[in-house]
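A short write-up of the structure that comes next.
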Amino acid sequence: MAQNVQENEQVMSTEDLLQAQIELYHHCLAFIKSMALRAATDLRIPDAIHCNGGAATLTDLAAHVGLHPTKLSHLRRLMRVLTLSGIFTVHDGDGEATYTLTRVSRLLLSDGVERTHGLSQMVRVFVNPVAVASQFSLHEWFTVEKAAAVSLFEVAHGCTRWEMIANDSKDGSMFNAGMVEDSSVAMDIILRKSSNVFRGINSLVDVGGGYGAVAAAVVRAFPDIKCTVLDLPHIVAKAPSNNNIQFVGGDLFEFIPAADVVLLKCILHCWQHDDCVKIMRRCKEAISARDAGGKVILIEVVVGIGSNETVPKEMQLLFDVFMMYTDGIEREEHEWKKIFLEAGFSDYKIIPVLGVRSIIEVYP
């Protein structure tokens, strides 16, 4: 057997060997794209381009963000990676090259800049030292018995992700701002493509709804729906005032306010199977009967469901490994079905309108 393996290695062509090396190094250095994106976000390069009339040279960018002149050549190298990655577009003319925004970098414009949506805080949620450091503990987490008993995040930091968010105001503010951004984008898409999921509803509780971005979007589109947000007391205490939304501090494992519909956006993927069953049972206690419009609406990844394009499919799997750091998981349909049935629900429908994520309607 060993001899056959050696023979197969020996017959690898020169081109195969070369391509294998290139692919391996490409995987190893893929993190550079993430770090370059984070740097561009923190430097507010998208803002600089936007404020310069939508097109900016390296000199323009350096002046706007306050770079030292010695860093101009380094900025060119950074922008070269980001243009190849599709974050910006470069236009080579007779003079100095100019950079413009793409649909991706338009999402990185800051609050003070005219924009429809922004996801700059989500970039910081994904690409930050706390999250990245957790991934360096993967080997220990897989192989050391003591480490395997806790989350990947706990191995790296000695506390859970949620404890750090609660105790570190700067980290907590960044995380919650990111969730607001993500919810705003997701709800805009849902209300454009599948607003029917909210029609005929009189009342809705958004469980784990944070500062109320989802509920606010629902109320704007359907003013007659009575919306409540349930989250931990220290979260709702910081929620912005909204006369159309009631904020309730509490624990989703203990009590969920009664409503026609309970909505959970990206909550269950943070929990293991048994806890998800408990949460869904609480949801079932809270909602109306099915013939009265009662249902649970989940916004979650269903691995293998959605777009057939490579990037969304890969994103589902990347999300799944990323969620290991909180001991979370992205589930396939059969895993979701098992949770629903064990919690006492009769049926469900998957609506794959979010590319990577789906709407799941679950019926009592």
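Each residue, glycine too, has its Cβ placed from N, Cα and C.
All protein chains included, D251 (S-adenosyl-L-homocysteine binding site) registers 12 other Cβ atoms within 10 Å of its own Cβ. The annotation S-adenosyl-L-homocysteine binding site is assigned in Swiss-Prot to G208, D231, D251, K265.
Around the Cβ of H269 (active site, proton acceptor), the number of neighbouring Cβ atoms within 10 Å comes to 20. Annotation note: H269 (active site, proton acceptor) sits in a helical segment as assigned by DSSP. Annotation source Swiss-Prot lists active site, proton acceptor at H269, citing sequence analysis.
Marked as active site by Swiss-Prot on the basis of similarity to another entry: E300 (among others). Around the Cβ of E300 (active site), a 10 Å sphere holds 20 further Cβ atoms from the protein chains shown.
The Cβ of E330 (active site) has 22 neighbouring Cβ atoms from other residues within 10 Å, across all protein chains displayed. Per Swiss-Prot, the feature active site maps to E330 (among others); the stated evidence is similarity to another entry.
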Most distant Cα pair in Å, residues G208, D231, D251, K265 binding S-adenosyl-L-homocysteine: 16
